[in-house]
Amino acid sequence: MPVSLRFTNTLTRRTEPFQPLKDGQVSIYCCGVTVYDLCHLGHARSYINWDVLRRYLIWSGYAVTFVQNFTDIDDKILKRAAEEGSSMEAVSERNIDAFHADMDALGILRPDRMPRATRCLEGIRTLIAELEAKGAAYSADGDVYFAVMKHAGYGKLSGRDLADQQTNADGRVADAEEARKQHPFDFALWKGAKAGEPSFPSPWGNGRPGWHIECSAMVREELGDTIDIHLGGADLVFPHHENEIAQSEAATGQELARVWLHNGMVNVGGEKMSKSLGNFTTIRALLESGLSAMTLRLFVLQAHYRKPLDFTAEALEAATTGWKGLNAALSLGDLHAEALGWTPAEPMGNDAVVASESSAIDTLLSARQRFSAAMDDDLNSSGALAVLFELARPLRALANRLDRGDAPNHNDDDGQELLQRWLLLRELAAVLGLRLEHPSAPEEESDLDSQSIEAAIDARRLAKQSKDFAEADRIRAELSAQGIELIDKPGGITEWRRG
C-alpha cells in the first residue's frame, strides 16, 4: 500500500497524506443521483473519477468498501411523476435502471452497496429524534428543521460565515417556509405531508425526509459514524455536504469524514453543464452518437479531477485520437499473439516486472513508479495517462506494421520486452478503467452491436413500465427478426442472446 498517497482535502484546504482509520481498509461514501431523469456528462465525470479512485486503492492493496446512494424521494421526482401522470416509484425505478445501464456502459464498477432513501426511513427518523433531543432541531407546523446556530462548526467545509449570510441554506425549501425558521440557514430534516404527495409516518406527523438528512442516515447505517472518504461534485460542497456534516456531527459528536474530495464541473461555453440551464448532454446520447465509452473515459481523465472540464468538439476529437492509439496497443496480445509468438498471461502483479535485459527492466520499473507517483499525487490522472501513452508508443507502431501484413522483425529479447510492456500497459490501463474495444463490425447473424441491443431493451423496459405493451411487443419482435432472443428474469431483468 502506498505510503505517499496524498489527497487535496476540501475540509482542510490542504493536500495531505492519506491515512485510513483502519490499516489496509478504506470506507467511502459517494453521493449518488436524484433519480428523476437520465444522467448527463457531468455525472459521467464524477463517477468515472471516483471509479478510478476506487480502482487505484484496490490495486494499491486496500480493502475498499464503496457505498453510493440513490435519492429516490425528492421534489424533482414528484414533479416529474406529476408531469407524466405516473408515480414516484415508477419514475425512480425507471431512472435507476437507466443509471445502471449508463454506468455499466462506461465500465464503472458497481458500488458494494447502493442504499435508497425510501429504504432508510427508520434510520432517518432515529437521527432526527436524536438531533431534537440534543436541542439541535426544532418542530414547526409539521416540519422539523436543523438549528444551524446550535452547531459551532457550521461553515467549516464551505468557509461560509453565518453572521454574513441572509439567504437560506436548504437548497430545496420554498420562500414561504422562511418565516418558520429561527435562522435563514436552518434546513428541513422532515417535511410535513402535502396533499397529493407520498408521505410516511413519523413522530412529527406524516411527511417525508429532507434532502440532506437522507445521506447522513445512509452513511451511518452502511458505514458507521466516521468514514475515511466522502465524495461528490463541487456543487455539493454547499449546502448539501455542509449540512451533512452539521447534522451528523451534532448527533454523534464524531467527525463524519476524514477526507472530503470534490470533482470540478463540466463546462459548456463557459457555463456549468446542468439540467436547469438546459445545456446538458446525456451519457446515452453521447454513446448513441457513436462516441465510444473508452473515449469518454479518456476525455474525462485527461483533466485533473478538481479542475473544470471544458466540453468541446476539439477536446472530444483529441480524446478520440488518443484512445485510437491506446486501443491499437492494447489489441496486440488479443489480435496478434500468434504472429508475435506470445502466450498472453494475466496482468502482472504490482511488483512483478520481468524482462531479459536490465535496460528493459529499468524502463518498465520506471514506468510503473511514475504511474504510481502520478496517482499518489492527488489522483493526477493526466500524468498517469502520459505513462500509458509512453508505454503504448512502440506497441502501437508494431500493431500498425502487423495490420499492414508486415512480419514482426525482432529477436527473442525484444519480443520478451514487448510482451512485458504490453502486460504492464494492460494492467495500468485497467487501473484507469480503460479496456480494449474491438472495432465495430457485424456480429454473427445480426447487424446490431451490443450497445444497440441494450438500448432497445431499455426502450422495451420503459414501454412496459408505461404500460405500452404493444410497443414492448413490437421491440421484442423486431429484435427477434434480427436473431436476438430476449429472456425476461425476475426483478425486471432482461437478458439476451443471439439465436
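Placed from the backbone N, Cα and C atoms, the Cβ positions cover glycine too.
The stretch that Swiss-Prot tags with motif ''HIGH' region', taken from the ranges 33-43, 352-362, 429-439, is 33-43.
According to Swiss-Prot, the residue from Cys30, Cys31 that belongs to the Zn(2+) site alongside Cys215, His240, Glu244 is Cys31.
In Swiss-Prot, the feature motif ''KMSKS' region' is placed on 272-276, out of the ranges 182-186, 202-206, 272-276. Cβ-based crowding with a 10 Å cutoff singles out His240 as the top-ranked of the binding-site residues His240, Lys275. For the pair Cys31 (Zn(2+) binding site) and Lys275 (ATP binding site), the Cα-Cα distance reads 18 Å. Under 8 Å, Cβ to Cβ, and six or more positions away along its own chain, Cys215 (Zn(2+) binding site) finds Tyr29, Cys31, Asn69, His240, Glu244. In terms of DSSP secondary structure, the motif ''HIGH' region' (33-43) contains 3 helix, 2 strand, 6 coil.
As a whole-number mean, the pLDDT of the motif ''HIGH' region' (33-43) in this prediction is 96. For Glu244 (Zn(2+) binding site), the count of additional Cβ atoms within 10 Å of its Cβ stands at 26 [all protein chains shown].
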